[in-house]
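Since the structure comes first, as C-alpha cells, the remarks are kept for the end.
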Amino acid sequence: MRQSWIEKRKNDSVRTQLHYARAGIITEEMQAVANVEGLSEELIRSEVARGRLVIPANIHHLSLSPMGIGVAARTKINANIGSSSLASCIEEEIEKTLVSIKYGADTIMDLSTGGDLDAIRCAVIEHSSVPIGTVPIYQILHDVQGDIKNLTIDSMLEVMERQARQGVSYFTIHCGFLLEHLPKVAKRKMGIVSRGGSLMASYMMHYHKQNPFYEAFDEILAICREYDVTLSLGDSLRPGCLADASDEAQLAELKVLGELTLRAWEKDVQVMIEGPGHVPMNQIERNVKLQKELCHEAPFYVLGPLVTDIAAGYDHIASAIGAAIAAWKGVAMLCYVTPKEHLGLPNAKDVREGILAYKIAAHAADIARGRIGARDRDDAMSDARYAFDWNRQFELALDPDRAKEYHDESLPQEVFKEAKFCSMCGPKFCSYKISQEIVSKHASGESLT
C-alpha cells in the first residue's frame, strides 16, 4: 500500500511525518490515520506538528497500515513478543505476531534476546501490518557477546541503522538515565528493573563515563530522521514496586527525557515517552500530569501500571486496572502485561490473554474520556443481548472466539442460538425475558401499578 507513497517522496531531503506536518503537508499516512480514527485530516496533521501525536511508520515497512498514537486518537495497546537465550524459535515469534494482530494489538515490540535476532526481526516485520518496535540495546549487547564492556558507540549506531533499514518503526532507547542518577538508585527497594536501564548502569559504573545513548543522541537522531523511526524514550528508572513509585530517581530521569524530546523535535524526529511501571492507583493521575508537564505533551506510553505487587500469575489483571486509569487520565498507549509477567517467557496463549485484558482497559478509558463513538459497540451489544441475538453478541465481543466457546460449553446445539435464555438462568429465571413481558403488557395498556 505504501510503496507508491514512499516512492514519490524519494527525492525529499527529510521524509519524517513530523517534517511534513510542520510544513503543512497532509501525507497519505495522515489521511489513513484520520480515516481510521474518524477525525479530520487537518486535526491529525496539526497534532503531529505539535508533537502530541506520532505515526510510527518506517519508510521501509511498506506493508504497514498507518496508525496514530496520541491523546486525540483512541487509546492504543502494544504487545511485547520475542525470544530469549533459553527459548528461541522464529515460527513461535511469527505465531505470536499473528495472534497479537488478530486480537487487536496496535503495535508490536520484538524484544528478542536469543537466537538469530536479525532473522526473527525480519520475519516479524514481514508478517506484520502494524508498526514494529525494538529495544536496540538487546541486539547491541548480543552482538558483543553479552559483555557490556565491549560496547562502543560505533557498535551501537551500526545496530540501530541496521534495524532501521530492516523496517523498525520505533526504537526504545534508554538515554535519559545519567551517571549522576546512580546514587539515587541506591535508595530504592528494588533498584533498577529495566533491562536496558540495568545495562546502562553497568556500563557507566564500569567506565565511569556518561550513558552512551545520551552521548550519541545527535547521531541517533540522524538515523531516525533518515528512516522516519519514532523514538520511544525509555524509562530506565521506572519503579519496579509500589514502594519506589514516583521517587526521586524516576522523576530525575523524566526531566532529562523532556529535554531530549525538544532536541528530537528540532531534528523533525517523532517522540513518545515511556512510563511506569508499578504505581499505586492514587498516584497514577499525578504521574500522567508530571509527564505532560515535563515532556511537553509528547504521547505517554506506559507499562501497566501494576497497582499491586502480589498478583503473580494475574499481573495482566492487576496492570489492566492501572492501565484503564492511566488512559482515562491521558496516556496515549498501553504496553500490555501477560499472566507470565515476573514469572517467565510468554507463549501465544499468554499473548492473547494480555492483549484482551488491555483491549478492555483501553476501550473503557475511551468511553470515560467521552471519545465520540466509543460506546457505539457497547450499545449495540446491549441491543443484541436484550434481543437474545447470540450470534450478534459473539460478533460484537472483543474476543468472539472466547464468547462463543463459553456459551457453547453448556448449550452447544445450534437451536440454542435462537433461545430466549442462556445456561445461567434458564427459561424461567431470565431477567431480560421477564422485563420484556412487563414492557409488552404495559404497551398493550395493562397497568403496571
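Residue numbers in this text run from 1 along the chain shown.
Using the three backbone atoms N, Cα and C, a Cβ is placed for every residue, glycine included.
According to Swiss-Prot, the feature substrate binding site maps to N80, M109, Y138, H174, S194, R195, G196, D235, S236, L237, R238, E274, Y301. Close to G196 (substrate binding site) in the fold, though at least 6 residues off in sequence, lie V135, I137, Y138, T172, I173, H174, G234, S236, each with a CB less than 8 Å from its CB. In the three-state DSSP reading, G196 (substrate binding site) counts as helix.
Per Swiss-Prot, the feature Zn(2+) binding site maps to H278, H342. The Cβ of H278 (Zn(2+) binding site) has 25 other Cβ atoms within 10 Å, all protein chains considered. The secondary structure of H278 (Zn(2+) binding site), as reduced to three states from DSSP, is extended strand.
Feature annotation from Swiss-Prot assigns [4Fe-4S] cluster binding site to C422, C425, C430. C425 ([4Fe-4S] cluster binding site) has a Cβ environment of 13 other Cβ atoms inside 10 Å.
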Spatial separation of H278 (Zn(2+) binding site) from S194 (substrate binding site) - C-alpha basis, Å: 12
Output field, [4Fe-4S] cluster shell: CB within 8 Å of site CB centroid, site C422, C425, C430 dropped: F421, S423, M424, G426, P427, F429, S431, Y432, K433
Cβ-Cβ neighbours of N80 (substrate binding site) (radius 10 Å): 23
Largest tally of Cβ atoms lying within 10 Å of a Cβ, found at which of the binding-site residues S194, S236: S236
Lowest local Cβ density among Y138, Y301, which the record lists as binding-site residues, within 10 Å: Y138
Cβ neighbour count (within 10 Å, all chains shown) around R238 (substrate binding site): 26
Those residues of the chain, 6+ apart, with a Cβ under 8 Å from that of C422 ([4Fe-4S] cluster binding site): H407, S410, L411, C430
